[in-house]
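K.L.:
Just passing along the structure, written as structure tokens.
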């Protein structure tokens, strides 16, 4: 039975003299390249190419239907189908479910017999369009992804297309779906993107912080028992010269002892937005009794999970560019096309890493073992620590097994960060819940490098070198080189 998937996402679409040649496609709906997101009560009007012209208001709608049917969204008003929780299964809302971590998680939870709802404004696809980037792996539209999943498994995933910064949209979505758990991936997740220029720095903070506050209010107003599973980042901690604990540290000062939130030393406007999120969530747990798990995730690599490997239309995105690509993914693509691995600076930057298959496993464990009402708990979500030099050496060794001649070069570091430092982060809580990690030494070839070789003809080598400088960020909007 077809599901009508609601949106009250409104967009102000900029007029264009050559509209037909400058369109962005989501499913069957076309959007001009240049537009401004509009939220109902937001003081911010962000993204790129804002204009003073009178702009047309368009209501965006989305549908999912079985593969052998076609459904046309009615014009005029939004509507929801509330199936009710008659199955007794837990209902999980995945905000940002069209993204890298969100899509893999949504499929994994659906397979595990959760009732899943994806909420997404699809803006991540727009970022690629604006910056001239593309996923290494071809990715289908979210509508086709969901239809294919239903065709293969018989399982339905609800879809609500809209902006969680628009509280009216979010409220209607909450009232419609009635989630037991909210998994919140729905944030601008790139540090380099947040450092391109002022407008993108502002967008990152506005989108991430206001969106999370809206989620907290929605839980308070419509679903007080709901468990928030929020994706944070290990980057909140920075690189202190002491061990990194899981969220909290017990200290003795002037003869008195207390357990306090671990100090935060964020290194970009993106990482700072995550710090603000953590503070806001901790406050509302204390003040309102919300239950929340903050997953401070390390750097994720890989593309394949058991579910995304079922069909090409379920394939996840694989970012390799200098804006959205993570270090290991970038190195594997560079090796595949014969480009030297680009190590930033001295290469001693050490971080926690995990396979995308472990991301979905961690989220499932957090859902199955929820926080108590009023509890704010923090899990450090990674499985192994590596320096950038270590990663380059691993990729070089793996490349040799495939007959690749892999070289490494040092390039000026575009970031402001320590290039040699102490790093020892604790990560025991998820292991205690039953996490069984996929280690990089066992999975580098099958999870990353083979995909890079398979799709190497899709690589745009102009996107390999760093293009965003932490020190050169300014007020003037920047267009990355094509």
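A Cβ is built for glycine as well, from the same backbone N, Cα and C atoms used for every other residue.
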K.L.:
Select one of 229, 299, 300, 323: the residue that Swiss-Prot places in the NAD(+) site alongside 100, 101, 120, 121, 122, 123, 124, 163, 164, 189, 207, 270, 274.
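P.N.:
Swiss-Prot names 300 for this NAD(+) site.
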K.L.:
Need a hand: Swiss-Prot gives 189, 270, 297, 327, 328, 329, 330, 342, 343, 344, 415, 416, 417 for substrate, which of 153, 233, 461 is also on that list?
P.N.:
233
K.L.:
Could you check the recorded positions 207, 233, 342 and say which one's CB has the fewest neighbouring CB atoms inside 10 Å?
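P.N.:
Least crowded of the recorded positions 207, 233, 342, by Cβ count within 10 Å, is 342.
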K.L.:
In Å, how long is the longest CA to CA span across 100, 101, 120, 121, 122, 123, 124, 163, 164, 189, 207, 270, 274, 300, which the record gives as the NAD(+) binders?
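P.N.:
Comparing all Cα pairs, the maximum is 25 Å.
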K.L.:
What's the CA to CA span in angstrom from residue 342 (substrate binding site) over to residue 270 (active site, proton acceptor)?
P.N.:
23
K.L.:
Of 122, 164, 327, 416, the binding-site residues given in the record, which has the fewest other CB atoms within 10 A of its CB?
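P.N.:
If we count Cβ atoms within 10 Å for the binding-site residues 122, 164, 327, 416, the smallest count is at 416.
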K.L.:
Quick one: Cα separation, residue 416 (substrate binding site) versus residue 122 (NAD(+) binding site), in Å?
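P.N.:
Cα of residue 416 (substrate binding site) to Cα of residue 122 (NAD(+) binding site) measures 30 Å after rounding.
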K.L.:
My understanding is the cutoff is Cβ-Cβ under 8 Å with a sequence separation of 6 or more in the same chain; which residues meet that for residue 124 (NAD(+) binding site)?
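P.N.:
Result: 98, 99.
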